[in-house]
Every structure is written in structure tokens, then in C-alpha cells.
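Now, the feature entries from TrEMBL:
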TRANSMEM  6-24  transmembrane segment
TRANSMEM  45-65  transmembrane segment
TRANSMEM  71-93  transmembrane segment
TRANSMEM  105-126  transmembrane segment
TRANSMEM  132-153  transmembrane segment
TRANSMEM  165-187  transmembrane segment
TRANSMEM  193-214  transmembrane segment
Amino acid sequence: MVSAEAARNIVGIIGNVISFGLFLSPTPTFWRIIKRKDTEEFHPYAYICACMNCMFWILYGLPVVHPDSTLVVTINGIGLALELIYLSIFCVYNREKKGRKIVAIGLLGEVAFLGVIAVITFVVFHNTTTRTLFVGIICDIFNIIMYASPLSIWHKVIKTKSVEYMPFFLSLANFANGAVWTAYGLIKFDKFIVVSNGLGTVLGAIQLIIYGCYYKSTPKKGSGDVIKPNEVQLSGATIA
């Protein structure tokens, strides 16, 4: 019989695979940017936010904060590296200095904020229980914000009765990601992983229901390689 710890590791590995796929989902967008040598109307905000999300979950998963969270650290470390690659590509091909300044200021601000939180964590709190509570609350706040980010897309879908701006497989992957990490958090109960990802699972399910309701009313258009700016905003993966 599989032990709880082994089951947790298996679910965590599955979560890593799904999350890795989500982190790779913006690849077509940035391949387009490279081919056209222009960022066009794309914005870096989702990727800057994803960097902050990853950095705080890495802090959360450190043994001195929350022991036995290696899988949380590994996937968020990979995610952070990919998000920084995406932002580097954005900066290289952004013709306006404004975009580069946004990326630079955003990342510097995030690193400074992370530094402040890290100092408070290790100086003020002296055991893993209180450190987990402090960092976990912050992680949940950012995770919930990331999961709620498609709300503007929902409004657009309902208003236009079209799912053109809501890619099905990305929506399904977001739902599966939330569900797997919720299961991971339940096996060896971790309320901070369960709360944000449980909410993410519910929001993901609602998104799939909305897709099902408006799929048939979506105008059929010729296929092309155009990637909508709105799709990019859905691609910032939310990882436990």
C-alpha cells in the first residue's frame, strides 16, 4: 500500500509536470516576438507578476520556512527561470524604452520587497511554524490574485458571447493545475496550498463552464498564427 508521503510525492510530481506545461505556454507568443523582432501590443505585466509569485513560493518552500516542500521549490525555481527568459526576450525586442523600464522597475521592486519579507521572516520569527504562517499568507494573496486574473476575460466572453479570447486547453490546464496542487496540499495538510489552489480549482471550473456555454455561439473564423494580446494575460502560471 502506498504511504501518504509517497502519494504526496507522486501528486507533487504530476503537479510539477502540469505546472511546467503552463510555464511553457507563452512560448508561441515569444517565438512570434523573436520572428517579428517586435513586441507589438504585448505587455510584460503578467510575467512580472508571475516572477513575484514564483519567488515567494520558493521562499515558502525553503526548509527553514516550511520543511518537506522540495517539489514546491523545484517547480517555482524552473518557473522563475522561464519567466526571466521571457522578460529578457521582451526587453531585447521592445522598441520603446518604456517597456524595458517597466520590466526593470518591476523586477527591482519585487526583489526589494522579497528582501524585506525575507529579513522579517528570519529576524522576527524564530521557528518554522510562525515563518510558514507569515510567508504562507503572502503567498496565498499573490496566488489568489493570479488565479483571479482571467476575470476580465470572463466579462469579455459573456459580453461578446465568444470564447475567442479564452483558449480551451490553457483553461483546462489551469483547472487541472489547481486541482492537483489542492490534492497535494490535502494529503499532508498544508492550508496555504489548499486555500489558494482550492479557490483556483473553483475558478477554473467556472471558466470551463463559461467556455462550454459560449463555445457554440463563437463566430467561426479562419485559422491563423495570430496570438491575441488577451491570451498572453492568461499565460502567467499560478503554481503552489
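Every residue gets a Cβ built from N, Cα and C, even glycine.
Just so you know, TrEMBL annotations never went through curation; they're auto-generated.
Note that the coordinates shown come from a computational prediction; the quantities given were computed from them, not determined experimentally.
When Cβ distances are compared across the two stretches, the transmembrane segment (45-65) makes contact with the transmembrane segment (71-93), since 3 or more pairs at least 6 residues apart fall below 8 angstroms. Here the transmembrane segment (132-153) does not lie next to the transmembrane segment (6-24) in space: the count of CB pairs under 8 Å, restricted to residues six or more apart, is fewer than 3. Highlighted: of the candidate stretches 71-93, 165-187, 193-214, 165-187 has the greatest count of Cβ pairs under 8 Å to the transmembrane segment (6-24).
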